Amino acid sequence: MLSLKPTRLFVTLVTKIRPSQRGLSQDAATAGHSPHPNVDQREVDTLGKLSEEWWNPSGPLKGLHSMNALRVPLIRDGLISTGLVPKEQIRTPQVLSGLNVLEVGCGGGILTEALARIRANVVGIDPGEKLIQVAREHAELDRKIGGRIRYEVETIEEHAQANVDRYDAVVASEVLEHVQDKVSFLEHCVMALKPGGSIFITTLDKTTASWLGGIVAAEYVLKLVPENTHDWEKFISPLDVQRILKTLNCETILVHGMAYEFWRNSWSWCKKTDINYALQAVKSVEE
């Protein structure tokens with residue numbers, strides 16, 4: 001989930017909170033057991049506790065709400081650039097009309113609804129039952145978008161098996177940093193993607209800066225997200241993501257850094273990818 005740029009104020013906490021100390025004990029690992037090997041039930045439960053605040057734009061998830069200012073244009077413009085959007089739709093409010101999008105790890109639907117508002121047909125999946133219930137209830141409040149959204153309590157591994165080559169876009173936003181087996185996760189994301197379709201990812205790089213900003217500052221100093229929301233060992237560099245996607249016949253065409261200014265709850269694009277970054281890759285069309 002969200003992070004921010006580290007400052008010298010955080011250095012004093014370095015000796016108190018080390019990445020190695022964030023590993024689960026045997027008891028904690030047992031408590032976090034899930035029937036799905038790529039789902040950390042402990043993290044699902046942590047996010048589930050925020051279900052009642054999910055749609056509060058000034059609440060603990062306000063950073064996810066404001067991130068839509070970058071995420072929606074990223075997906076919209078990315079699909080335009082690859083030629084999937086008809087020319088007559090590009091400058092209209094119905095820009096993604098007729099396109100099928102899968103959001104993996106959709107949570108309570110913050111990004112899902114935003115994509116439905118520009119007329120995409122969106123399927124949102126998440127292993128958290130509480131969050132899917134919140135997402136369904138909120139979508140029902142607006143009949144204009146409700147018919148274009150379907151939510152399922154499902155993992156990508158389950159969903160992809162029944163939906164091979166189905167989607168024009170697969171989105172995994174603020175999800176990859178919670179996944180243990182990233183190769184399997186991305187493999188199934190790509191499995192559900194049509195040849196010529198795009199996968200969009202936003203996540204955190206695995207650097208000292210991301211540990212200081214995304215964990216020490218965001219969780220322990222500024223309390224932007226609950227403690228233990230992130231595990232630095234699960235972070236991944238954009239280069240490693242690109243390498244995995246290349247083995248899955250996907251070409252990375254865009255990598256952007258993302259900067260979060262917490263004092264005004266605002267996101268912007270930047271050159272540095274050492275904390276947050278966004279990536280788009282296109283699945284090759286087999287000849």
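Using N, Cα and C of the backbone, Cβ positions are placed for all residues, glycine too.
Remember, it's a predicted structure, so these values are computed and weren't measured experimentally.
Cβ-based neighbour count (10 Å, all protein chains) for R71 (S-adenosyl-L-methionine binding site) stands at 23. Sequence annotations record features per position, and here TrEMBL assigns S-adenosyl-L-methionine binding site to R71, G105, D126, S173.
The Mg(2+) binding site annotation in TrEMBL covers E174, E177, H178.
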Give me the count of other Cβ atoms within 10 A of the Cβ belonging to H178 (Mg(2+) binding site).
21
Can you tell me which of the binding-site residues R71, G105, D126 is spatially closest to H178 (Mg(2+) binding site)? Compare CA atoms only.
G105
Within 10 Å of the Cβ of E174 (Mg(2+) binding site), how many other Cβ atoms are there?
22
With every protein chain in view, how many other Cβ atoms are within 10 Å of the Cβ of S173 (S-adenosyl-L-methionine binding site)?
25
